[in-house]
Amino acid sequence: MFKGPDRVIHAIFTSSSSASCGVTLEINKEYLFTGSLNTDGRMHIVTCDFIQYWDDLNGTQKKSLTQRYRTGCACTIIRCSSLPCPVSAPDECLWTDWLLNDGQSGPQAKYSACLMNFDGSCAWYRGMDPSKK
């Protein structure tokens, strides 16, 4: 787990139908996905979440997950699915792939990371950690 609770998630819940945003996962496949952790400790995923086979991730995505994203753990990504899309705090990054592209295959999802700057604000960076620029 890259960002989430410090405990093992034993079950992930989703709707039983794709018509109601349910997701079908294959057994013995590794995935990367985002979801919502409810206050009762249950994790839920829907088709609007980022869901990708681990083997289908590109090199930038894998490197970002294993090296770069830790500097963005205090950042919050706000999904923009319709206009207007407000950002209400400096520690938020606006994910516009759902609005401008094809969701999970847009340039932010493929090539960028939401990372924290030295001043505590968060912004999208493509390819390189902001501390090395």
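For all residues, glycine too, the Cβ spot is worked out from N, Cα and C.
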Statement: Of the candidates Cys21, Cys48, Cys114, the one TrEMBL records in a disulfide with Cys93 is Cys114
Candidate cysteine (Cys73, Cys75, Cys80) that TrEMBL pairs with Cys122 in a disulfide: Cys75
Disulphide partner cysteine [TrEMBL] for Cys85, chosen from Cys73, Cys80: Cys80
- prompt: Nearest to Cys122 (disulfide bond) by Cα distance: which of the disulfide-bonded residues Cys80, Cys85, Cys114 is it?
  reply: Cys114
Task: Enumerate same-chain residues with a sequence separation of six or more from Cys80 (disulfide bond) and a Cβ-Cβ distance below 8 A; give 'none' if the list is empty.
output: Leu94, Trp95, Thr96, Trp98, Leu99
